[in-house]
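Asks: Sharing the record's features from Swiss-Prot:
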{"type": "BINDING", "residues": "ASP197, ASP424, ASP480", "note": "Mn(2+) 2 binding site"}
{"type": "BINDING", "residues": "ASP197, GLY198", "note": "Mn(2+) 1 binding site"}
{"type": "COMPBIAS", "residues": "470-480", "note": "compositional bias 'Basic and acidic residues'"}
{"type": "COMPBIAS", "residues": "481-491", "note": "compositional bias 'Low complexity'"}
{"type": "DOMAIN", "residues": "153-543", "note": "domain 'PPM-type phosphatase'"}
Amino acid sequence: MSPLTRTVAIKKTVKVLSKCQSGREYTQKFLQRAYSTSHANSTYYSRTKLFISSHSKALNIALLSGSLLLTYSYYSPKKILSLDTINGIKDYSTNTSGNINMPSPNPKGTETQKSQRSQNDQSVLILNDSKIEAKLHDREESHFVNRGTGIFRYDVAQLPSNHPIEDDHVEQIITIPIESEDGKSIEKDLYFFGIFDGHGGPFTSEKLSKDLVRYVAYQLGQVYDQNKTVFHSDPNQLIDSAISKGFLKLDNDLVIESFRKLFQDPNNTNIANTLPAISGSCALLSLYNSTNSILKVAVTGDSRALICGLDNEGNWTVKSLSTDQTGDNLDEVRRIRKEHPGEPNVIRNGRILGSLQPSRAFGDYRYKIKEVDGKPLSDLPEVAKLYFRREPRDFKTPPYVTAEPVITSAKIGENTKFMVMGSDGLFELLTNEEIASLVIRWMDKNMNLAPVKAEPGKLPKVIDVSEDKEAQRPAFRYKDNNSSSPSGSNPEYLIEDKNVATHLIRNALSAGGRKEYVSALVSIPSPMSRRYRDDLTVTVAFFGDSGTPSIVSNATSIVMNPEATTKPKPRL
């Protein structure tokens, strides 16, 4: 370890420490990139007067080595966390074994080091604990369902990275009249859960949260009018077709119809109505039919849905009911190349036309149309093209992107315990097994669950039985498989939340139970935060007809769970 007198902090750190010494109040922690270098004859310390009392109670500096942390510096109760803690992992990714590749020291100060220094020479105030908790809980909600129709609770949580958040979600129950065996009419439920991961703005995802269930329900109603027993049968093409039609009809209205109206009258209202066509969004919609206990998952894009339960031997298993639809999915690559023969650049660097990562999405007009009714979009008046975006390179034979979903079905039995839906930001941070294990641990503490078989401080073993695991992008952010710390001092999870979706988000940010990671990643403001994490949206639904507390008295009620819900604050 270098002597303290040979450690030089960069100028921004000096300025912040100077402010701290001035007596002004600041938040508890400060995130800053710092560098250590040989500086034997420097007059730096005496000139700044910062480190004269470096061994006093006012200021202590410590260098800690580890696979993830490069440096910690402590200034009285104020904390300085090196930005290398996060940047080293982000910038240097992981190797094939999953280990972290950290940059090697460069004492000569090469151009590469100088470039990295200039790019990362920025500071972020770390929020205090109460503000971090407020952010984590700001967008959480939980509901008890006492309808006796197969789902007894669902939790939702979000953590923005973009400002405003580009994700959205929907939870809705639609009742359908069913004729029972004795000829009586009874009501059964269709549960809809949706997550919409937007990009290029919040407009498309917001539109989907309001309209997608309505469009799908209308198409299902058309099928039901022709066949009253359609919801009794096992998975069938009629329901799948209705869901697909709802998706495609909404996307057609978003893109084609909005631009058609813009050609007819380029007024401000019609210009604004094209915003959901200009931005884009993935869509993940789950439909649980309480009549036959069939769960259908429709995915457009790269959000993911998991179901978890016990197999016949009592082992926990997790299964993905969706496959990530990106330019890295070989099935999607083959489909798109077949639709656009003779276009070698249709998939470039794992992206559609070298730009868009999801291969299916709502909106994203610039990957779908050049003209409407034979009229080129370039013919619109300039004022109508205010929000237009540049046409991609090699844009020859649109559409290159579709909103048509891929639909899968699963029978929900008594051993299927819960479903987790998440935007891709969650799966960048956690594996399918980790997500299922974290929910099981949460259930062990918060529900009447049989004791979980796992070592103290460890997550229970879960087997991933997904059919197409190779097509799913693995979790890659902040993964460190070299940790040798005992579970007691370095636990693999945190369990602090009453809302299980918030519990998943907290642990996704913790890099294996490290609270300092949660603090850092929650504190980084937008837009800088997008370098380190995406918007996070999570929904967890619990299957079964038990587990609802006595707070629910009405036999058909849906009741807010107050201890796991943060009521929205009035916005001026």
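For all residues, glycine too, the Cβ spot is worked out from N, Cα and C.
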Asks: Measure the Cβ-based neighbour count of ASP197 (Mn(2+) 2 binding site), defined as the other Cβ atoms within 10 Å of its Cβ.
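Replies: Other Cβ atoms found within 10 Å: 30.
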Asks: Check the domain 'PPM-type phosphatase' (153-543) for me and report the mean pLDDT.
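Replies: PLDDT averaged over the stretch: 92.
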Asks: Roughly how many angstrom lie between the C-alpha atoms of ASP424 (Mn(2+) 2 binding site) and GLY198 (Mn(2+) 1 binding site)?
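Replies: Rounded to a whole number, the Cα-Cα distance is 11 Å.
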Asks: What three-state class does DSSP give ASP197 (Mn(2+) 2 binding site)?
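Replies: Its secondary structure by DSSP: strand.
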Asks: My understanding is the cutoff is Cβ-Cβ under 8 Å with a sequence separation of 6 or more in the same chain; which residues meet that for GLY198 (Mn(2+) 1 binding site)?
Replies: GLU166, ASP167, ASP168, THR204, SER205, GLU206, SER279, GLY280, SER281, CYS282, ASP535
